[in-house]
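Read through the structure below, which is laid out as structure tokens, and then see the notes.
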Amino acid sequence: MSSTYGTLFKISTFGESHGPAIGVVIDGCPAGLVFDTDFIQNELDRRKPGQSRITTQRREADEFDVLSGVFEGKTQGTPIALVIRNTDQRSKDYGHIAEQFRPSHADYTYQTKYGSRDYRGGGRSSARETAARVAAGAVAKLLLAQQGVQIQAYVSQVGSLKLDKPYTELNLAQTEDNAVRCPDPETAEQMFQYIDETRKKGDSIGGIVDCVVTGVPVGWGEPVFDKLHAELGKAMLSINAVKGFEYGSGFAGVALFGSEHNDEFYTDEEGRVRTRTNKSGGIQGGISNGEAIYFRTAFKPVATIMQDQNSVDIHGQPATVSGKGRHDPCVVPRAVPIVEAMAALVLVDMYLRNKVAQL
Ligand SMILES: Cc1cc2nc3c(=O)[nH]c(=O)nc-3n(C[C@H](O)[C@H](O)[C@H](O)COP(=O)(O)O)c2cc1C
């Protein structure tokens, strides 16, 4: 079961939801990077459970220990190992799914593929694993910030409640001002109420996270199989509960004619080649073109709901799975930092790969 991502900036995550700890080993981070622990902790705090009544009520401080790779506040070029201890497991809430499969969760496929599974809290299939990604992504963000790259994600849709403005018309600085992480306060309030009503009904609801990356120069991305958008797509689709990815004009672009869709080039006052529109989403031929990179990631309504559901047990016999445990009624508020972290991990790898791509 591989849990490694990256070519030059490589991460390997480990741990289960109800095991003693989760964590990550980062291999290939250059030496000399100031290791800003406050920044990394803040990123973990944005993802951690129990942030408001519309997230799971599991209580984890998600504080991390640095086991290796950092000396006198700077990275050493050696493997960086970060560990986050689990402190608030309630494994008895999962006893009933030891022998039953939750519809649309990973229980059936893990059991059938491996012959056994750690069912406590979903084990390795739990999104608790993404805390390790966020920790590694924070280190990647520190490296990218030195290159002037900024990554900002936000919630643009919950159920059928949509933010009908493009990122260029939003004040993204307001994203962290509310529990939903939607930059429009009025829409955020409606989304909050909707998620809360869904939670009270014992149900779950999906949503969309948009992400904008600025400051990426021309040239990041490999032209054939590891196209920048292909890697972003893989990274986003590797996040738990993700069902869709699109970048630039995405699926809506099919309704346009080429004459409407093409991004016209011009040269600005500083002599830089720019495009007047950005339907390409900042990527052409798999390589960044210097414009903002933007993409959208769709999350399903999570599988574990507080209702009885028809299913089968490990012997193939009919079973009723009852809703127990502490769960997210809608994951998108907590998914915002995860999307940013995965984008950072893709981009930092492409930054380093680009450095060795030319003589
Ligand atoms: C931030 C976050 C929190 C999640 N919380 C839950 C949860 O509380 N309950 C649940 O059933 N699934 C939750 N999930 C989704 C499951 O981890 C995921 O659906 C499961 O592993 C099956 O994988 P799949 O949906 O990608 O096929 C969460 C996902 C994310 C990104």
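From the backbone N, Cα and C atoms, a Cβ is placed for every residue, glycine too.
Note that the structure is a prediction, hence the values are computed from the model and not measured.
The NADP(+) binding site annotation in TrEMBL covers ARG47, ARG53. In the three-state DSSP scheme, ARG53 (NADP(+) binding site) falls into the coil class.
Sequence annotations record features per position, and here TrEMBL assigns FMN binding site to ARG124, SER125, SER126, ASN240, ALA241, GLY285, LYS300, PRO301, VAL302, ALA303, THR304, ARG326. Summarising the environment of VAL302 (FMN binding site), the number of other Cβ atoms within 10 Å of its Cβ, over all protein chains shown, is 22. In the three-state DSSP scheme, VAL302 (FMN binding site) falls into the coil class.
Cα-Cα distance from ARG47 (NADP(+) binding site) to ALA241 (FMN binding site): 15 Å (rounded to the nearest whole number).
Pairwise Cα distances among ARG124, SER125, SER126, ASN240, ALA241, GLY285, LYS300, PRO301, VAL302, ALA303, THR304, ARG326, which the record gives as the binders of FMN, peak at 44 Å.
Among the binding-site residues SER126, THR304, the residue whose Cβ has the fewest other Cβ atoms within 10 Å is SER126. In sequence order, ALA127, PHE299, LYS300, VAL302, VAL331, ALA335 are the residues near ALA241 (FMN binding site), counting only same-chain partners six or more apart with C-beta under 8 A. When Cβ atoms from all protein chains are considered, those within 10 Å of LYS300 (FMN binding site) total 16, not counting its own. Non-local neighbourhood of ARG53 (NADP(+) binding site): ASP196, ARG199, each in the same chain, at least six residues away, with C-beta under 8 Å from its C-beta.
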